[in-house]
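TrEMBL has this to say about the protein:
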DOMAIN    74-314  domain 'G-protein coupled receptors family 1 profile'
TRANSMEM  60-85  transmembrane segment
TRANSMEM  92-120  transmembrane segment
TRANSMEM  126-147  transmembrane segment
TRANSMEM  168-192  transmembrane segment
TRANSMEM  212-231  transmembrane segment
TRANSMEM  263-282  transmembrane segment
TRANSMEM  294-316  transmembrane segment
Amino acid sequence: NLLAAASLRDTKAPAARAAMEAAAALNESGAAAPRLPAGGGNSSLELSSRPPAPAALNPWDVMLCVSGTAIACENALVVAIICYSPALRTPMFVLVGSLATADLLAGLGLILNFVFQYVIRSETVSLLTVGFLVASFAASVSSLLAITVDRYLSLYNALTYYSERTVLCIHTMLAGAWGVSLCLGLLPVLGWNCLHDRTSCSVVRPLTKSNVTLLSASFFLIFLIMLHLYIEICKIVCRHAHQIALQQHFLTASHYVTTKKGVSTLAIILGTFGASWLPFAIYCVVGDPDYPSVYTYATLLPATYNSMINPIIYAYRNQEIQRSMWVLFCGCFQAKVSFRSRSPSDV
């Protein structure tokens, strides 16, 4: 038996050595190991454990993030000033505070959109961010409409403007504006999106074509209402200037200058608003999702500039806010600086 086992071992040794030499030669040559069957368990473990490749940085996204940062900083200062100053509690400053809050949220939304796009790439997060941006910008545009209505009422009903009825009207307008804006922002989150139907996507993913059409139609309606109200404001301003001139029995050059300045300011306000939002609103209606994304960025970026200009037009030019800024930053009011309190009808 021992001799038989030894003989068997001797016959297997050359075959085993040959197999080991073949395996060593295969490893040294760098040949790939044979692929395991589909049910081989850990065959794809190495590939699945690799982190996804980072997305290439888009310069347009960087510009939107920079724009959002500037918007957030500007409007955060306005919100802080209005909250810090107890004297700024009139309906006019409540409206300005609503506009600054909406623009502040829009700026933060642009920053979060950039962070989540390049750090946390998730369709759910993208949906929430887009809904947040839609609600914020809708609240900003609605607040601009409320400010226009307030200016019209302050001129049309000057004698009863400071009544409690006006305060109730302002608060009702703001509640309605923010409520509608919140609903518009929730629509894509609640299912009105194109995540599961790419053919229904608009130029702004993941919003559907019908969604952006609704948003654009709402903007056009608000723009037409603001245009009508500002035309009526111009008529009232010109009529008041003419009546004052007639009471003094002659038309002075100062009245023409004042009227021209007021009309020019209204034209700048409405022109800035239209130039910022009209290109994007029109492109959302006529654009196709197959068009290059640069068209969407090129029309969306100017729209964000409106939120950057709003605090300059409606807040920083106001004398009361300027005085509050002196108190906030200097700790005391310098008497040598002259301030004139403005009424809501000042433009």
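A Cβ is built for glycine as well, from the same backbone N, Cα and C atoms used for every other residue.
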> Where among 60-85, 212-231, 294-316 do we find the most Cβ pairs under 8 Å to the transmembrane segment (168-192)?
Replying inline: 212-231
> Tell me, what is the mean pLDDT of the domain 'G-protein coupled receptors family 1 profile' (74-314)?
Replying inline: 87
>> For the transmembrane segment (263-282), give me same-chain residues lying six or more residues beyond its boundaries with a C-beta closer than 8 angstroms to one of its C-beta atoms, as numbers and ranges.
In response: 141, 144, 215-216, 219-220, 223, 226-227, 230, 233-234, 237-238, 299-300, 302-303, 305-306, 309, 313, 347
